[in-house]
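J.: Below you will find the structure I want to go over with you.
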């Protein structure tokens, strides 16, 4: 009662003198009889805030405009963004028409006495209306019955993201406004000036993104209870990849190049080459874990950065395996030479100690053995021809054994030092080719 009396007094201050005089001649009415905005002669009777304008007739045309004050955060893990917006709604209520060309800004608490649209933000997770120092709302009434209703809202809205090309991705997010209870037979939503109805979004400066473009759409939401009007603001956000190049791509590339240093170290330097290989593998593993921990909730995606880190890890691990193969081949070759060189050295020493007498004795002994062999008589009856033929399974074993020896000899590294020589050329060449295909695919396809 006190609020309505106060509103009546405040509104009367804005009226012309003749209007105030006409109100003075009105019969005394109790505050309970004043159904709406007291102070205007044609508004004091018959206004019902529970009924929309043109009730039972044509739908109410509600024109909207937006000011994007800020987008404070964009979360890939939660797939949402938080924005502060100024939402302005305009509609015409013929019950609030008054004479004159003036407009009046009313106290925001008077919104409780007016019919207002039931607009809500689709896919909003959390929203609140600012209330410092008072509720950030504005009511402005024009003489032709047009009402301007403005709100300052901070909302967190879901945004479905495709992170397969992260961090070279472009995300499309939406801010959708829809009527909650009134269908298209009751209200119609329109943008006030098309794309020009949205301001401030082109001036935003975000930490990881750049606003590529935005546009407005008018749509309908088909629900079980009816068809509801919907306005859509759609904007594209392109991620700034320079930060990730400096933080992830450059260090991982340098680690790959560091693993190639071992190709210029001799095979005998086992501690040096092993230390380089193990250190680069562990450093690359730490880099991969750090990259994935920043997006812990999106590890189900195979992202572009994961592909690159996997490529770098493969090349680093390949350099370590290359040394293992080269060192093993070198040790096998040295082991094969050792038995051949051992008897040769012993034979040389014996030849130096042998005298002429020993040579003659050995010659006579060998001559006697040859004579004894000639005296042996071979009887054809004692020869078994079946023993001279080879069985089938023995033939198969013999053939398979020969083929295995050929295959092994084909893959046997004859000169282990050539492994490092070829690796110096092949590893950088393949890494550059993979980079060309990688960047071409994720940047242009």
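In case you wondered, yes, glycine gets a Cβ from its N, Cα and C as well.
Since the structure is predicted, the reported quantities are computational estimates derived from the model, not experimental observations.
Okay, these came from TrEMBL:
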SIGNAL    1-21  signal peptide
DOMAIN    41-240  domain 'Neurotransmitter-gated ion-channel ligand-binding'
TRANSMEM  241-263  transmembrane segment
DOMAIN    248-356  domain 'Neurotransmitter-gated ion-channel transmembrane'
TRANSMEM  275-295  transmembrane segment
TRANSMEM  307-325  transmembrane segment
TRANSMEM  425-444  transmembrane segment
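How about a rundown of where these features are and what they're close to?
T.: Below 8 angstroms of C-beta separation, residues 167-168, 208, 272-273, 276-277, 280, 283-284, 287, 291, 305, 308-309, 312, 315-316, 319-320, 322-323, 420, 423-424, 427-428, 431 of the same chain, each at least six residues beyond the ends of the transmembrane segment (241-263), sit close to that stretch.
For the transmembrane segment (275-295), same-chain residues at least 6 beyond its ends with a Cβ under 8 Å from one of its own Cβ atoms are 76-77, 163, 166, 248, 251-252, 255-256, 258-259, 261-262, 265, 303, 305-306, 309-310, 312-313, 316-317, 319-320, 323.
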J.: Give, as a single whole number between 0 and 100, the mean pLDDT over the domain 'Neurotransmitter-gated ion-channel ligand-binding' (41-240).
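T.: Taking every residue of the domain 'Neurotransmitter-gated ion-channel ligand-binding' (41-240) together, the mean pLDDT is 92.
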J.: Under an 8 Å Cβ to Cβ limit, what residues of the same chain, 6 or more beyond the ends of the transmembrane segment (307-325), are close to it?
T.: 248-249, 252-253, 255-256, 259-260, 262-263, 267, 273-274, 277-278, 280-281, 284-285, 287-288, 291, 413, 419-420, 423, 427, 430-431, 434, 438
